[in-house]
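One structure is given below, encoded as structure tokens.
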Amino acid sequence: MRSLSTVASIALGLLSLSSTALAQNGPIGSTETFDYIVIGAGAAGLVAADKLSETGKKVLLIERGGPSTAETGGNLVPPWAPGTNLTKFDVPGLFESMFSGQNTFWFCKDVNVFAGCLIGGGTSVNAALYWLPPDRDWGTISGWPSGWSATDLAPAQARLKARLPGTDAPSPDGVRYLDQVYTLVSRILGGSSYQGITINSSPNSKNKFYGHSTFTFIGGKRGGPVATYFRTSKARSNFKYVQYTYVNSLVRNGAQITGVKTNQTTWGSSGVINLSSTGRVVLAAGAHGTARILIRSGIGPSDQLAIVQSSTGAADLPPASQFLNLPVGQNVLDNPSINLVFTHASIDSYDNWEPIWDNPRPADAAQYLKNGTGVFATASPRINFWREYTGSDGVVRYIQGTSRPGACCFTTEETYDATKVFTITIYLSHGIKSRGRLGIDVNLQAKTLNQPWLRDAVDKAVIIQAITDILTDVKKISGIQIVQPPTGVSPADFVAGYDPSTMNSNHWMGSTKLGTDSGLSGGTSVVDPNTKVYGTNNLFVVDAGIFPGMPMGNPQGAIMQAAEHAVSRIVALGGTPTTTSTAPQPTQTLWGQCGGNGWTGPKACPTGSKCTFQNDFYSQCTPN
């Protein structure tokens, strides 16, 4: 019997912060203006806000949710860690608990899929898997235009890697815990001659390669853009952020955006926050959130704009003559994912991760509380792998595999040992042809209108072949029981009967596609190669929505790299905001960029620090 005590009075609703907007560096004045307003504090928004604030211009970051990690003001601490600052969002090993509980306040309540509504967005609630994108994720082969090749994005990747190198050994003591799944799955993959590598040391090795799962964790805690980009932006006096602030729409005068309308009516006229005369809005609210804001602002397909016209949101629309009929919400992508479940005597399923929030294994909890090491220093994935397949249509597609102890969300008549279960999830990624659509409903909430999974016959054939190949290799290892697919069910029948609602990977992309074929002229693109929305002067999108195709792996690394590159293009445009900043221009903040090829920002570091060379594209202010 477990002896670790629980505290019944601490429940999932522990977070006791008011829904009143909280502002950094003081409240927003009714006449205050900003050079840049960034909407959304997720993977893209945190990168964009930090890079824009490096220029010395006045930047406002708006987040609709509240704090996450303790560093951001979060205080949702598990019952076994009272008196600490180890919140649900700080402890990597609590990842699997994100999807249970009565008050999952960290997920957006007006989106019909899982979406993070808190500081960090999805990066604060996901498994933090982190891949430096291969060259193939960029350029024309993935639908990107000139200026978005792997060569063009190499400086952005170098800057990202310098800020966030990632780790495949997250526990600070260097030990990989609960590693039986890695050992067994690597044997399975050996049946098809896969090779083991350090994944991010060789980003282009994606055909029959595997390695230890790589994460954005830092020092045994969740890191990601919150602990890096957000930390440096907060230190600048020209940067503000507000939370619990919902952006309803953009204030437009034809092609010019003059401000954003929020739910915070105490900040002036109808909750409007104003841009400076040369200011810009940068949307980073995610594939669903950004699409919603655009549609509510008169930018999107006519059928979606008609919904707004017939609602209470009509008052915020510009005149119909200023509507921009762009394909917002089209080209939507998400990885279809299929779970294969097995048992083997060597595996510890870790109680299927069920008691980790309120009653974890005492020794593991005690170890993490003592020095931040052990099982709780990482999330559940243990191994990842990739393989390419050429479909009958001649298109090369890639599958990614992720394996972890435990299993979830299936029913079976098979008899199996639940203490020995493990899962291999097969994702179809780069090269995928299936597309869906998203938009809004009559309540003006973001909604998936057409599911994007396996609508293309060749996509379906490829994932069936990938499952067949894995099962063939599984059968070469003695002692493995196949639980899913059930006995007697072929891979094709298994996929055909798979519940689409459980095929969702929550890697939503493509809803505001970037390209040279403007949707205003019958094309497929919403934003141009500078990420500017067609038909506008000063509105940009930098989040997952701009991707023309699916990256090869979990997309947060690609999203941050794209945001790095996008901001460099935005800043380089003519007509850069000219509002004078009160920030000390010559001196960078600690951990900020102070040099590198093409760098035009501050090059001096604050007292007690120095400008340290990281690579040709990035030097950083680090402590002496």
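Note that Cβ sites are derived from N, Cα and C of the backbone, with glycine treated the same way.
Because TrEMBL annotations are produced automatically, they should be read as predictions rather than curated entries.
If you check TrEMBL, you get these features:
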- V247, P555, Q556: FAD binding site (BINDING)
- 586-622: domain 'CBM1' (DOMAIN)
- 1-23: signal peptide (SIGNAL)
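What TrEMBL annotates, mapped onto the structure for a quick look.
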residue : record           : Cβ within 10 Å
V247    : FAD binding site : 27
P555    : FAD binding site : 28
Q556    : FAD binding site : 27
Could you find out if DSSP has P555 (FAD binding site) as helix, strand or coil?
coil
Over the residue list V247, P555, Q556, recorded for FAD, what is the maximum interresidue Cα distance in Å?
25
